[in-house]
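Database features, via Swiss-Prot:
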BINDING   58  O2 binding site
BINDING   87  heme b binding site
DOMAIN    1-141  domain 'Globin'
MOD_RES   3  phosphoserine
MOD_RES   8  phosphothreonine
MOD_RES   16  N6-acetyllysine
MOD_RES   24  phosphotyrosine
MOD_RES   49  phosphoserine
MOD_RES   102  phosphoserine
MOD_RES   108  phosphothreonine
MOD_RES   124  phosphoserine
MOD_RES   131  phosphoserine
MOD_RES   134  phosphothreonine
MOD_RES   137  phosphothreonine
MOD_RES   138  phosphoserine
């Protein structure tokens, strides 16, 4: 459960990302594909090379979904319901991949905003990504 302080940390951290959210989403995807190559199996139709338009496009989708979630921290299940259905029933993404992408997002954000990435912000963002992952996998059952 996200505390009031977590919600503040998340909103402030995401606010500092500003117009770079899509760029950071793509960078996190590239990092995931490189570090965890088995994740590429869910994107056989993608050019997963550095800087590809498809990775950039999907990175923007990831970032937009997270931006939506940040705007609905009190109702993540409602905000992410359609995405949960998509990933569980159509795409059938292995739930472990959400954790892998979450880790890559944390690394990407820490790399771009080291001064703002305090232990408290790190913990809050980690809880947020874990909450998003839980919601996205909730309809697998």
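The first residue you see is number 1, and the count goes up from there.
Yeah, the Cβs are placed from backbone N, Cα and C, and that goes for glycine too.
Everything Swiss-Prot records as a feature, shown here on the structure.
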residue : record              : Cβ contacts under 8 Å, 6 or more apart
3       : phosphoserine       : none
8       : phosphothreonine    : none
16      : N6-acetyllysine     : 113, 116
49      : phosphoserine       : 55
87      : heme b binding site : 93, 136, 137
102     : phosphoserine       : 126, 129, 130, 132, 133
108     : phosphothreonine    : 24, 27, 28, 31
131     : phosphoserine       : 2, 76
134     : phosphothreonine    : none
138     : phosphoserine       : 77, 84, 88
Please report the distance from the Cα of residue 124 (phosphoserine) to the Cα of residue 58 (O2 binding site), rounded to the nearest angstrom.
24
List, in sequence order, the same-chain residues at least six positions removed whose CB sits under 8 Å from that of residue 58 (O2 binding site)?
25, 26, 29, 43, 46
Suppose we draw a 10 Å sphere around the Cβ of residue 124 (phosphoserine). How many other Cβ atoms does it contain, all chains included?
22
